[in-house]
Amino acid sequence: MKFWLQGCAFVGCLLLTLPCCAARRRASGENLQQTRPIAAANLQWESYAEALEHSKQDHKPICLFFTGSDWCMWCIKMQDQILQSSEFKHFAGVHLHMVEVDFPQKNHQPEEQRQKNQELKAQYKVTGFPELVFIDAEGKQLARMGFEPGGGAAYVSKVKSALKLR
């Protein structure tokens, strides 16, 4: 009888703490949403040919984003933590032409696009993902970077330094 009462008391205590844990979890989730910055406009992706043409006109560098969008964990982190940050989107909108060079495993990609992406991967000697390769309008490499933790603002600072931008 003594053990039965102790067991009931223990289970009762556990049941009483569940609402507190759930409320704490909800509150922390709400706080995360409230502190997340409002996203800037989406990145403007261009084809490689379009980016070269536009870069010849406005002299902005081209950023080739080599990614495995549906299987590469670090590519997905880079997309979420850096490329989709308001700081990076603003910077890219002002200073870059963005080209996604994707190597999906699950999602369908037209054969022509797959071949073009393979050519770009070979041309710029990309051996791992994710990788950003910055080029000029002539296709000359200016800089290259992979994923780095720290978020969009820190990454933009490193890109500016690598490209010698203010």
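Note that Cβ sites are derived from N, Cα and C of the backbone, with glycine treated the same way.
The signal peptide annotation in Swiss-Prot covers 1-22 and is backed by sequence analysis.
If you take every residue in the domain 'Thioredoxin' (32-166) and average the pLDDT, you get 93. Taken from Swiss-Prot, the feature domain 'Thioredoxin' covers 32-166.
According to DSSP, Cys72 (disulfide bond) is assigned to coil rather than to any helix or strand. Summarising the annotation, Swiss-Prot assigns disulfide bond to Cys72-Cys75 and lists a curator's inference as the type of evidence.
Within the same chain, no residue at least 6 positions away from Met73 (substrate binding site) has a Cβ under 8 Å from its Cβ. Positions annotated as substrate binding site by Swiss-Prot, on the basis of sequence analysis: Met73, Trp74.
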**Prompt:** In sequence order, which residues at least six apart in the same chain have a CB under 8 Å from the CB of Cys75 (disulfide bond)?
**Reply:** Thr67, Gly68, Ser69, Phe129, Pro130, Phe147
**Prompt:** Are there any residues in the same chain, six or more apart in sequence, whose C-beta is under 8 angstroms from the C-beta of Cys72 (disulfide bond), and if so which?
**Reply:** Phe129, Pro130
